[in-house]
Amino acid sequence: MAKQQEESNSNPAAAAAGDWENFRDDDIMLQHSAIRAEQADKIPFLGDKEPLSALAAEYQSGSSILLEKIKILDEKYSAIRRTRGDGNCFFRSFMFSYLEHILETQDKAEVDRVKANVEECRKTLQSLGYADFTFEDFFGLFLEQLENVIQGTDASISHDELVERSRDQSISDYVVMFFRFITSGEIRKRAEFFEPFILGLNNATVDQFCKSSVEPMGEESDHVHIIALSDALGVPVRVVYLDRSSCDTGGVSVNHHDFVPSALSSGGSGLEINPYITLLYRPGHYDILYPK
Amino acid sequence: MSSLLLFSDESSHCFERLLPPSTMAGCDSCPRVQIMEVDLLVRCVKVVSNYYRYLFPVVPPCGSSSRLASRARLFKEYKEVQREKTADPDITLVCDDTNIFKWTALIKGPSETPYEGGVFQLAFAVPEQYPLQPPQVRFLTKIFHPNVHFKTGEICLDILKNAWSPAWTLQSVCRAIIALMAHPEADSPLNCDSGNLLRSGDLRGFQSMAKMYTRLAAMPKKG
């Protein structure tokens, strides 16, 4: 039995010889991971904080609308922190922004509040029929990070360590997966609410959508994901759009959209929400923005 | 019997270190039984130490390496499989005695398909990044199915590739494979002969081929 399994090792020699008959899925997956590793060398999961001028430099020879918009951004935002474009950028940006916010504010009430929401999400997944052992490790690791950014304990971590952890695949990927579970649970729990959005997006059922576009790593996030995650954790998110759209009236403005958790907005107090996660969206990618 | 075979590589290696060939050659008087006993002892020690490694995986406070994380997860699956042994009579999932990253499954061919009555063996090789990465699964039993490679047993199933997520388990992967057996996807074939039969509408041809291979490879030989 064990002997036969050894054969499942892939066959690079066959691949090199262009022998497609023996070129197997393992080889293709090996190639995929090699490409990913090459990308990884170029940009870490989470970049350093850069001034907005770094963003402008990127478009120096590009669209004037974009340069105009970056100028406007410059009035409100001081810096950008890039994330790797591997399909998990929204979740990684969310992870770092949120934990950095807690680290800087030491807002223990917020930690308690979000922990209660995480426990709700755990119950949601259980009631949806997920086996505990499939998600508990991911929950555990996120809760651990949440506790560690609170100072004054032996396990407390500094800002530098938080950056380091966010770049460590074994932590970063687990937290991304935690968010994916939370997002999927919320979408499934409120299937009736999300169904029309999902149908319009890619003509799939809620179950198919969660299985193919939420739970697998590397699947990009759309509005549906952001709404679900923001609602489930009760964390408002602002997304600033940097694209080539412009108003007919002539003036260039930068659009943003606030994702306000239903729990906060249904209060109807008309309260101005001050989101502590601000993301810059360029078609297909999210980075972190720092307001002035 | 099979469990002894699984050990053979590692234990014989240890055995040689304990008793170098020269010692063995010059020990005509030494009863064979003793050598067997040493061998057995090596095996037992290995079994016990491995068992304890499963029971108490050393999990560092943070940034646990993926190998340890996957080991911990697999051990949970192992316990679940033991607990739910009778829950799904169509699946028997067994972990290799010495390596928690190697599993074997026996699945029953679904009824009202050409695979009915057959028992198919699957080999799982679990990567160290599990459960972030999918297990590699293939059929060890020959099967005629559009989405299974006829020679290598490789399976074309989205959840084993890009649609994988940690929400799947080894057990639920087995269920997905049984579902694939009942619902072949002839339009993305790994076995083109099989796929072509279905795509040309020759259901009878497909079923008789599939049934023949089920009889030949997945059923106990008569006599």
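Residue numbers in this text run from 1 along the chain shown.
For all residues, glycine too, the Cβ spot is worked out from N, Cα and C.
The active site feature in TrEMBL is assigned to A:Asp86, A:His285. Annotation source TrEMBL lists active site, nucleophile at A:Cys89. Look at TrEMBL and you will find A:78-292 tagged as domain 'OTU'. The site 'Interacts with free ubiquitin' annotation in TrEMBL covers A:Ile227, A:Tyr241, A:Asp243, A:Tyr281, A:Tyr286.
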_Counting other Cβ atoms within 10 Å of each residue's Cβ, which of the recorded sites A:Tyr241, A:Tyr281, A:Tyr286 comes out lowest?_
A:Tyr241
*asked:* I want to verify one value. Collapsing DSSP to three states, which class is A:Ile227 (site 'Interacts with free ubiquitin')?
replied: helix
_Just to confirm: which same-chain residues, 6+ apart in sequence, have a Cβ under 8 Å from the Cβ of A:Asp243 (site 'Interacts with free ubiquitin')?_
A:Leu66, A:Tyr281, A:Arg282, A:Pro283
_Mean per-residue pLDDT computed across the domain 'OTU' (A:78-292)_ = 92
*How many Å lie between the Cα of A:Ile227 (site 'Interacts with free ubiquitin') and the Cα of A:Tyr241 (site 'Interacts with free ubiquitin')?*
16
*What's the CA-CA gap between A:Asp86 (active site) and A:His285 (active site) in angstrom, rounded?*
9
*Near the Cβ of A:Cys89 (active site, nucleophile), how many other Cβ atoms are there if near means within 10 Å?*
24
*Conformational class of A:Tyr241 (site 'Interacts with free ubiquitin') under the three-state DSSP mapping*: strand
*Do me a favour and check the Cα-Cα span between A:Cys89 (active site, nucleophile) and A:His285 (active site); whole Å is fine.*
7
*Please work out the number of neighbouring Cβ atoms within 10 Å of the Cβ of A:Ile227 (site 'Interacts with free ubiquitin'), leaving out its own Cβ.*
22
_Secondary structure at the residue listed as 'active site, nucleophile', reduced by DSSP to three states_ = helix
*How would DSSP class A:His285 (active site) in three states?*
strand
*What's the CA to CA span in angstrom from A:Tyr241 (site 'Interacts with free ubiquitin') over to A:Tyr286 (site 'Interacts with free ubiquitin')?*
10
*Just jot down the residues in the same chain as A:His285 (active site), at least 6 apart in sequence, with C-beta under 8 A of its C-beta; none if empty.*
A:Gly85, A:Cys89
